[in-house]
Amino acid sequence: MDDQNKNLILATALSFIVILVWFVLFPPPEPEMPLTGETSTELTPDAATGSLPSVTSDTAPSVVIEGETRSAALEQAPRVEIATDRVKGSISLLGGRIDDLSLKDYRETQEEDADIVTMLSPVGSPGAYYALYGWAAGAGVDPSQVPGPDTEWQVIDGDILSVDAPVTLQWDNGAGLSFTRIIEIDDNYMFQITQSVANTSDAPVTVAPYGILARHGEPDDLKNFFILHEGVVAMADGELTETNWDDIPEFPVDQREGVPAERIENVLNGWIGFTDHFWMSVLIPDPSASARLTTKYRPRADIYQAETVLPAQTVAPGTSVSATTQLFAGAKEWETIRNYQTDGVDRFIDSIDWGWFFFLTKPIFFLLHYLNAFIGNMGWAIIGLTLIIKAILLPLAYKSYVSMAKMKELQPQMEKLKEEAGDDRQKMQQGMMELYKKEKVNPAAGCLPILLQIPIFFSLYKVIFVTIELRHAPFFGPFQDLSAPDPTSIMNLYGLLPFDGPEPGSIMALIFIGILPLLLGISMWLQQKLNPAPTDPTQQMIFAWMPWVFMFMLGGFASGLVVYWIANNTITFVQQYMIMRSQGYKPDVFGNIKGGFQKKTKPDSK
């Protein structure tokens, strides 16, 4: 039955290999790009007076020079500067769009002179991405009487938008309506936009405040990896909705919008926006107002839109109304987003893609975050996390290793039963079960620690892949990005030879592995040497190859994950050795290593 126990462990390990190979070899297919081109529509009121008007406007100005550089596009309109400790950019006075934003704390690569990350870009530049606010015309109101994408706003207060220094814009339609927009920003990534309209005419008007996030085409840096959500994310009445980029054009055509769209009506305390790997933009309407959240795709213009529209308001002569909306545009930092959730943004922490194992990924990241804050190094934080996980699982591991030690003690009796049963496998199995029952041994107990490690491994992989705190997180020496594969390579003797190794992620990098995968293979191999090699030749060969197969297979994974696996193997080795010795079984590690290198002689036939 010892062979059966090894078969159980082997089956689990091979299943694990299949799952990991699937991650590497079978990412989701690339989506087809939709047709491109520009079109122009305008704000049109809903047929029902007093209901939410449709927002079907072209978010771009009527005159756009496509394909120009970002710097050239920024020069097409007067601007108000945005400057804080964490972001820089500008607001276009043409349309009042927030369309120029970069994140000072993040660079595109780890090079010291690398460009900082660009979050929002103006119309006309590659990958235009911006936020637009305004008032949708209600029943009886001419759309030309409300501000649109071609509206030229005037600055009436504030030269530079910064923390505690808002900017106020104004536009008068010349027909008795004056529109004012106050834009504020905090010390992180949250804008607050307060829109108001004053009616000095002789007749009441009905308008509805809206906010639009527009992206021209899909992002160029899509990961297209099924463990990561990229696309639209929305929260409506406590329910999170995620829509992938390639699913948005497949929406049914909305009769009022005339384009593929999906609406969520009468939402309280909701939000909607676009999420990327590490960055996100989200519209957050007044939580006390009943809002409509819309995801929309304009196929001819190839523009994706996320919209919020608040209920229409009637502005009587001589009065004014206002509405406040927030805009988050920045990095998906756990602590920053958690603070916004504490301030009232419902379930904002779930904008980070925690995955199916959220009940594991959330606490794992929580521990990593605070271990890193305490230690000051994410690599050592991963090792500390491994120690904590192994300590939590120690009671189960103890029972497993005790059972394995007892199995070793029963080996002579098991061999005797095999000899007595001969070819009668049923008799042998019955005898084995009686022996296990008598000695109170569970032959499958050795599988339990391995089974428990599988969801933990996947959860940590998810955390390392999706959280920005692991992006460019250094360990030591050459390991300056724990979210990237090991940059070292045996090709240049790990930096001793005067040339670079293969590009990380390439086929050559999988062959000429780095230091960390090598240590992983060695740690797995040593862990096996706690027990004698299986007597079955097939099992013996599979067990002999397994550490080195894992070594090459995991060589292309994030180095932080490999650090976890090395630490896990090392701690498991120590735990198993000490527990088995405490039960009277003394693992002969050096003897098993020596035996593994000895040439096996074929037994004499009888």
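The count begins at 1 with the first shown residue.
Using N, Cα and C of the backbone, Cβ positions are placed for all residues, glycine too.
The region 'Disordered' annotation in Swiss-Prot covers 33-59. Annotated transmembrane segment per Swiss-Prot: 8-28, 116-136, 348-368, 374-394, 448-468, 506-526, 542-562, in sequence order.
Counting only same-chain residues 6+ beyond the ends of the transmembrane segment (374-394), those with a CB under 8 A from a CB of the stretch are 364, 367-368, 449, 452, 456, 460, 469-470, 473-476, 479, 482, 560, 563-564, 567-568, 571-572, 575. Remote same-chain partners of the transmembrane segment (116-136), defined as residues 6 or more beyond its termini with a Cβ less than 8 Å from a stretch Cβ, comprise 43, 45, 53-55, 57, 59-61, 64-70, 72-74, 76-77, 87, 89, 92, 95-104, 106-108, 146-149, 151, 179, 181, 191, 193, 195, 197, 207-217, 219-220, 274, 279, 281, 283, 309, 312, 325, 327, 329-331. Sequence-distant contacts of the transmembrane segment (448-468), counting only residues of its own chain at least 6 positions beyond either end whose CB sits under 8 Å from a CB of the stretch, comprise 9, 12-13, 16, 19, 106, 225, 227-228, 277-278, 331-334, 352-355, 357, 360-361, 364-365, 368, 385, 389, 393, 396-397, 399-400, 482-483, 557-558, 560-561, 564-565, 568, 572.
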